[in-house]
């Protein structure tokens, strides 16, 4: 039985214990990983080869404590987040739109869904040069890569959600002579919200990956994290490269957490969370 | 498609009529055989029978949710109130918004919706739960919300598919009284599917006893007690006799096939 969060831990030793139990193991693993990292950097690697894995404190010192480096990294982080965000918004609009269309008639689904699957299975990296030719090696292509990698989970989950409405409820609507639009707006779409958010959570993570990959390849315009990683790699500035990789990972993690919280909140509002009997 | 004539043409208020309706599903299951049913305004006809005898199918055909394999639905009122076995509420809407749903779908103005939903909730005793979500309510309360939704819509005919099945005895009796009062207040045909013979006898003017699958009407019993009926009626020997008679017919109907 999970304990209620946000209680006064001091007065609830059981809650405190369970929180410790939840947080301690991953923290121990983190500690071990950092220790292993130091072990490899300081003991295993000779000073001239230390650039392969600079110790954590060097990464923090060079990457984040140095003002100019920090400014460059944060600007790139902002750019990458912007591309990922824009890509996600477009993927959501296109994905939900397509899913709604497909939900309206089986023939539409039969005609379109296979191509959505193809889109998912074609390695996007293979399309990267083509997209460059067509849309230039700047912002537009970066965003497009995000849309391409992020759109499928939105389509698949929204479609599933639109079909998840209870059959009896559909009959309630039918008996009241509700038309397609009413059925969609008042039953199918609201019923699809939890599944949609699940899809959005997956897509958001993919969109961050797409943004980093995108600016790794499309280097025109202001740099994102992908470009910086590539540049630092070329210059063997591994502390800064590690810092950039760390920021990209943190962005992915933040996005994942955010959409997790959003899904949780929506489930409560949706009334599907309070069904305890 | 089933032939559907507007209720107005039948004269004398809305009527519900099924003539020789049979249903055979695609997989060859015969659910109903030649069921004929006529219900006038203000009449409540109950259908009892063993489970799986096609009682629900009968209601679904009457409502137009399914087409009969043969036979016709004559005089089905336009606005049918259907209470399903399961409450079928929208979990993201409050109780009040759920009760307003059917009126909303039919385009009833907001103020009127509010007012009618309030009255219906009052009737089923859930006025103070108007702002709750269905998820916070018990199974019986949800069923009452479902009933309130149908009542607030003020339908021309009522089809009830074991709506009281999940409720406790007291709530059940209370809602039965409300149902009787509603039918008296505005005469409309009502069909109640139930497995409680006593409930059928107490609420209805006529009880149809159905056989096991494929469901046929094996007995059509007029219940002789006048309306309105007092709850004390249930304790009289005459009532017990009617119930015993119905139960006997129900068992004979099951044995005939077995």
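Heads up, the Cβ atoms here are built off N, Cα and C, so glycines get one too.
The feature domain 'ABC transmembrane type-1' is assigned by TrEMBL to A:77-263.
TrEMBL lists A:20-40 (among others) with the feature transmembrane segment. With a threshold of 8 Å between CB atoms, the same-chain residues lying at least 6 positions outside the transmembrane segment (A:20-40) that come near it are 53, 55-56.
Annotated transmembrane segment per TrEMBL: A:83-101 (among others), in sequence order.
As annotated by TrEMBL, transmembrane segment applies to A:113-135 (among others). Outside the transmembrane segment (A:113-135), and at least 6 residues removed from its termini, the chain residues within Cβ reach (under 8 Å) are 98, 102, 141, 144-145, 148-149, 151-152, 155-156, 159, 210, 213, 217-218.
Outside the transmembrane segment (A:141-162), and at least 6 residues removed from its termini, the chain residues within Cβ reach (under 8 Å) are 83-84, 86-88, 90-92, 94-96, 98-100, 102-103, 109, 113, 116-117, 119-120, 124, 127-128, 131-132, 134-135, 184, 188-189, 191-196, 198-200, 202-204, 206-207, 209-211, 213-215, 218, 224. The annotation transmembrane segment is assigned in TrEMBL to A:141-162 (among others).
As annotated by TrEMBL, transmembrane segment applies to A:183-204 (among others).
Summarising the annotation, TrEMBL assigns transmembrane segment to A:241-267 (among others). Non-local neighbours of the transmembrane segment (A:241-267) in the same chain are 54, 59-60, 62-64, 69, 73, 76-77, 80-81, 84, 193-194, 197-198, 200-201, 204-205, 207-209, 212, 225-226, 228-229, 232-233, 273; each lies 6+ residues outside the stretch with a CB under 8 Å from one of its CB atoms.
Same-chain residues lying 6+ beyond the ends of the transmembrane segment (A:183-204) with a Cβ under 8 Å from its Cβ atoms: 84, 88, 91-92, 95-96, 100, 103-104, 150-158, 160-162, 164-166, 169-170, 173, 255-256, 258-260, 262-263, 266-267, 270, 272. Using a Cβ-Cβ cut-off under 8 Å and counting only residues 6 or more beyond its ends in the same chain, the transmembrane segment (A:83-101) has close neighbours at 108, 112, 116, 139, 142-147, 150-155, 158-159, 162, 184, 189, 196, 199-200, 203-204, 207-208, 210-211, 214-215, 224, 251, 255.
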